[in-house]
């Protein structure tokens, strides 16, 4: 990996002008660079798609003391892009196998691997302090926030990264010099109204959500969970309260067909009774088993070979379907659904009642794909292959190995700058899908810390809440843990400690805190009223913040469903994923910072210009803001920090 160029820091805000060197351009390495690399002790968090490329690049660049943390084990689906792993490694620790693979060609360097969760107590602030720089290759927001806070507390620079398909980014976060990872809002997946999912789907993703969150959950998940599926049978005189309950003497084939007819036939007929709904919409067609698989009805069961001797039950294998990228017919979808239904009850009956959809569960993916396609057919929505449906169901953007390699190289370049304390040349670099100014890499100078960030600036937050009816437990669960991301919070009101979480508490202390959880705020030992100040701390993250309380009697149930409103923090930006797997950003921010989407025009020093003009197209703007929470693996992560969203001061 070549060492980074050293452009004039006052020359350009994006390195896109004619003649400007790209961040990957060759440059002579200062003598101090090699010394800094050799002396550095590096922590790498994540050994997946980015992590494999990063560990290899670190080793080949001269780094000789590296620690690697990763909780995951290797899966078959990792092998097409995580090149340190082989088929024989499936089921083993990613961190350990990655270490062993690197030591085969760099035996003289020190690599310590940890098969563990970075949020474990052993990885505390003191552990982080031993490193010169931390490099992230994580796949979830919670862990990223945790590492960000530990780096701030330990005063260790953090190089963050992420990729989604052809898009990627690398950002540098140094306490007191640049913004921290949490200075700006982070994207979240799009949610859909229940009425759209249950009654008026118009996109394939609506059918996937229905099949995954309603039908699959109803049949195989927790029976006590609320579910919006119609459970009442066509026969109103029936004594059965829930049509999904199986009769004691009911044959499995009969049960499967009855459920099929209920959800795809009768429930559609019930929906059609509301004429008002379909005045301006295409009317759906009820689907019954007698129409799609008449042979199954005649034989009171399946008429195809359903033998399945595979180690992992699979409806596709049973039915001889081998191509996951083939779009099945309505009849094939029906066969897959019924076969998957039977296999759950025959092969995995002990799991029924506790199952949650998992994109890596082949039988679950088959069931959801088939159910979503049958529903899509009913509503005139194009059918999708299992490969496509799995991507939608798991929020997967399929990884590109080349993107991971590019991002890994950029991480190392920024890490070397950090080790040299060359902060004037730090760059946030966005890897774009389409060229902009003849470049696929768009470097932008980092931004100063957000003065309103409660994490790195310790700015007080404001919580509107009805102190007379809201319990302490609700504040901790909905605000402190969910929104502020604290794992083991401590809550103080003045000098009174009202709650503490974690190990090592005395039995009477834990019992007392448990009692406080069920008390409304105004009835705590130190009453919380209008104007009260809460101090909230997480000793593991060494994070402390203040929350000023504003008493409020009424809240809008639709717009403020939590019954409380937190101000002064960076709320998530909503993210939509459409049925084609494309990303569409619907940015909204509660950040206290005003919007002014400008950067300096590199072709006209001193002049300001809209960032999206530099990027030329909305598609390229989306490349820097494109984001989603995905579950595929480490290299499919959240891209955030869109420079076009919020005004940010440049480092001078």
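Glycine too: its Cβ is placed from the backbone N, Cα and C atoms.
Record features, source TrEMBL:
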DOMAIN    31-453  domain 'THIF-type NAD/FAD binding fold'
BINDING   46-51, 70, 78-81, 94, 139-144  ATP binding site
BINDING   180, 183, 453, 456  Zn(2+) binding site
ACT_SITE  195  active site, glycyl thioester intermediate
DOMAIN    323-390  domain 'Ubiquitin-activating enzyme SCCH'
DOMAIN    464-555  domain 'Ubiquitin/SUMO-activating enzyme ubiquitin-like'
REGION    576-652  region 'Disordered'
COMPBIAS  609-621  compositional bias 'Basic and acidic residues'
Number of other Cβ atoms within 10 Å of the Cβ of residue 180 (Zn(2+) binding site) across all protein chains: 23
Env. residues of Zn(2+) site, Cβ within 8 Å of mean position of 180, 183, 453, 456 Cβ: 152, 179, 181, 182, 449, 450, 455, 457
183, 195, 453, 456 as recorded positions, winner by CB count within 10 A: 183
By Cα-Cα distance, the member of recorded positions 70, 80, 195 nearest residue 453 (Zn(2+) binding site): 70
Neighbour-count leader, CB within 10 A, binding-site residues: 139, 142: 139
Per-state residue totals over the domain 'Ubiquitin-activating enzyme SCCH' (323-390) - DSSP helix, strand, coil: 43 helix, 0 strand, 25 coil
Residue 70 (ATP binding site) versus residue 180 (Zn(2+) binding site) - Cα distance in angstrom: 23
Distance, residue 142 (ATP binding site) to residue 456 (Zn(2+) binding site) (CA atoms, angstrom): 17
Three-state composition of the domain 'Ubiquitin/SUMO-activating enzyme ubiquitin-like' (464-555), taking helix and strand from DSSP: 24 helix, 29 strand, 39 coil
Residue 49 (ATP binding site): tally of other CB atoms within 10 A of its CB: 30
Mean of pLDDT values spanning the domain 'Ubiquitin-activating enzyme SCCH' (323-390): 94
